[in-house]
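K.L.:
Let me begin by handing over the structure; questions about it come next.
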Amino acid sequence: MPRTFDEELQFLEKKSPCCWTIKKDFVPNMKVEGLFYVNDHLEKLMLEELRNSCRGNIGGFLPGVKQIANVAALPGIVKNSIGLPDVHSGYGFAIGNMAAFDMDDPEAIVSPGGVGFDINCGVRLLRTNLDETDVQPVKEQLCQSLFDHIPVGVGSKGVIPMAAKDLEEALEMGVDWSLREGYAWAEDKEHCEEYGRLLQADQSKVSSKAKKRGLPQLGTLGAGNHYAEIQVVDEIFDKHAANKMGIDHKGQVCVMIHCGSRGLGHQVATDALVAMEKAMKRDKIVVNDRQLACAHITSQEGQDYLKGMFAAGNYAWVNRSSMTFLTRQAFGKVFNSSPDDLDMHLIYDVSHNIAKVEEHMVDGKQKTLLVHRKGATRAFPPHHPLIPVDYQLTGQPVLIGGTMGTCSYVLTGTQTGMENTFGTTCHGAGRALSRAKSRRNLDYQEVLDRLADLGISIRVASPKLVMEEAPESYKDVTEVVNTCHAAGISKKAIKLRPVAVIKG
Amino acid sequence: MESSESEGKAGEYYDVVKKFEYLDHTADVQIHSWGDTIEEAFEHAVMGMFNYMTDIDGVLPRKTMEVSAEGTDYESLLFHLMDEFLFLSCTDDYFMAREIKITEFNREKWTMKALGYGEDFDRERHGGKGTEVKAITYSAMQVYDKTPKSEIFVIIDI
């Protein structure tokens, strides 16, 4: 007998102004409680999703709260299955869901759904020493230059020459490959999670099908919600942290790039899901949702996936490095200056679809955990050994991309976050309107006109995407970021506003 | 033929009969397809996927690609079939299909063979009319083999 909305509500409890718990038995087999961070406005959206599913809908997809709870039922999970403020319905895991598993527990699992199809989808932010006044007169030219340099959209192919052997090396070496080939600066490595290379990657665990998809796509932006944006600093909340990032005044021009591992990552995830379905039958692992296909971390399937996933992660870093290279070239051409003279340094690069092996304190003991962050970003605090020297006092920069035409944020990691969410925070705005609804209800020209009114130049390869990606289709990123700030799991440092957008 | 090609339409070719629609889903797209037989529902699920990448009415039937799929049940078979076509769309010459025909379906072994009629992606004629599909998912997947109407619900990752 399906429960009514009121019956479901009995399992949800508001612990504090921005934090709710999901009690055990909300779904079967929960090993720990679920937790989600929302403010009043976002809370309404969450509960709306739940209410709609109680009414029954054709298509029958699960609301975010149910998915967070289903994850809490996975073997080996530690502490809580956590929903960040941008949480919404996804595959198996909700998008904006973090879950950590005890690597010392033989039952503990790894799940590709907890990483996402777009392995190591992430964001990087480059600074420049340009000001908005330098860019405004050449904005259209610059936007066009970026669009011409960066391959975008269906059927686009990478411009950086690559053979099968190059791809294999890139999969093993990550940013080190880009560095060797001259597409990255040495300093870029320093300002990237894992220094742009997951060491346990094994390219032999990436199928030839995945490699075939990946080869032509290296250095392409892709479509969907991926983009390259020219942004200007709109507000500085934390002057000290901003200074450490090389940001010292409003109007300073930056470039934000958001993309992932393209078809290669998707294929790695797909291949793993198929292999794990079989493993689950063999090892008798029971899950509440087929899309939560998983395998014991120590099993062959688990290990193969991890190594292949790390290789796909490396591919994404090579991809973002390639796009950085193309961006630096585009700027250099328009301003007739070298990217070095333009101070186009990488502030930081974060991943928001990945699983990492990390050390965390659990009940006073140090444990090695496999932390899945799907649509969630790592946010390590000050003094954490894995963050770069220049950010030791401020904490790890966290890049939160807003949606097309809205603002983006840079946050820093906090100790509270480290303790409560294993150093995890949100990743962006999260969708509010479905793509189908957006296509029906929003007018392409209206969206473009609105962007033009805001002074934002745009180049998009797929016009239909304009409606799907319109700000109205998403939750308010400011609400999401403010909730994280209020909850103490990350701290606002900088707000950025877009002046030009390139989309696939 | 020349002028109708430049219009982006298939000229003397009829508009494709479409037995699919797109349903609301927060992050991605749910394809709802149907047919007189389950094979037809399968065919139109794949066509629904291609139609999201480009306007399939503008795809000419110049090339035929054959695909084989296998699974252990309806869901895994559908997943595999769509994945094989997705693979064709993003590798080599970026094949787009306007129509799909299931040529073989072995219910005991859960194997299927299908043909895709279409052509390689042409930026000028096919570009800018849709968006990339990242993956097929099992999320909320439903396959109903019924008479008189078979139906499929499948979410594709955008």
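Placement of Cβ uses the backbone N, Cα and C atoms for every residue, glycine included.
What TrEMBL records for A:ASP118, A:CYS121, A:HIS226 is Mn(2+) 1 binding site. Positions annotated as Mn(2+) 2 binding site by TrEMBL: A:CYS121, A:HIS258, A:HIS352. Taken from TrEMBL, the feature GMP binding site applies to A:225-229, A:352-353, A:401-404, A:SER408, A:427-430, A:LYS503. The active site, GMP-histidine intermediate annotation in TrEMBL covers A:HIS427.
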K.L.:
Sub-8 Å Cβ contact with chain B: please pick out which of the binding-site residues A:ASP118, A:HIS226, A:ASN353, A:THR403, A:HIS427 have it.
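P.N.:
From A:ASP118, A:HIS226, A:ASN353, A:THR403, A:HIS427, the ones near chain B are A:ASP118.
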K.L.:
Near A:CYS121 (Mn(2+) 1 binding site), meaning Cα within 10 Å, which of A:HIS352, A:ASN353, A:THR403 (binding-site residues)?
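P.N.:
Matched binding-site residues: A:HIS352, A:ASN353, sequence order.
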K.L.:
Name them in sequence order: residues not among A:CYS121, A:HIS258, A:HIS352 whose Cβ is within 8 Å of the mean position of the Cβ atoms defining the Mn(2+) 2 site.
P.N.:
A:ASP118, A:GLY122, A:VAL123, A:HIS226, A:CYS259, A:GLY260, A:SER351, A:ASN353, A:GLY401, A:HIS427, A:GLY428
K.L.:
When the Cα-Cα distance from A:HIS352 (Mn(2+) 2 binding site) is computed for each of the binding-site residues A:ASP118, A:ASN225, A:HIS226, A:THR403, A:HIS427, which gives the smallest value?
P.N.:
A:HIS427
K.L.:
Which binding-site residues are spatial neighbours of A:HIS258 (Mn(2+) 2 binding site) here, meaning Cα within 10 Å, out of A:ASP118, A:ASN225, A:HIS226, A:ALA228, A:HIS427?
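P.N.:
Within 10 Å Cα-Cα: A:ASN225, A:HIS226, A:ALA228.
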K.L.:
Between A:ASN353 (GMP binding site) and A:HIS226 (Mn(2+) 1 binding site), how far is it from one CA atom to the other, in Å?
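P.N.:
So the Cα of A:HIS226 (Mn(2+) 1 binding site) lies 13 Å away from that of A:ASN353 (GMP binding site).
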K.L.:
Measure the Cβ-based neighbour count of A:ASP118 (Mn(2+) 1 binding site), defined as the other Cβ atoms within 10 Å of its Cβ.
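P.N.:
Total other Cβ atoms inside 10 Å, all chains included: 28.
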K.L.:
Have a look at the binding-site residues A:ASN225, A:ALA228, A:THR403, A:HIS427 and say which one has the shortest Cα distance to A:ASP118 (Mn(2+) 1 binding site).
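P.N.:
When the Cα distances are compared, A:ASN225 comes out closest.
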K.L.:
Rank the binding-site residues A:HIS226, A:HIS258, A:HIS352, A:HIS427 by the number of other Cβ atoms within 10 Å of each Cβ and report the first-ranked residue.
P.N.:
A:HIS352
K.L.:
Within 10 Å of the Cβ of A:ASN225 (GMP binding site), how many other Cβ atoms can be counted across all chains shown?
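P.N.:
So the number of other Cβ atoms within 10 Å of A:ASN225 (GMP binding site) is 24.
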K.L.:
Tally every other Cβ atom lying within 10 Å of the Cβ atom of A:ASN353 (GMP binding site).
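P.N.:
For A:ASN353 (GMP binding site), the 10 Å Cβ neighbour count is 29.
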K.L.:
Ten-angstrom check, please: count other Cβ atoms within 10 Å of the Cβ of A:ALA228 (GMP binding site), all chains counted.
P.N.:
28
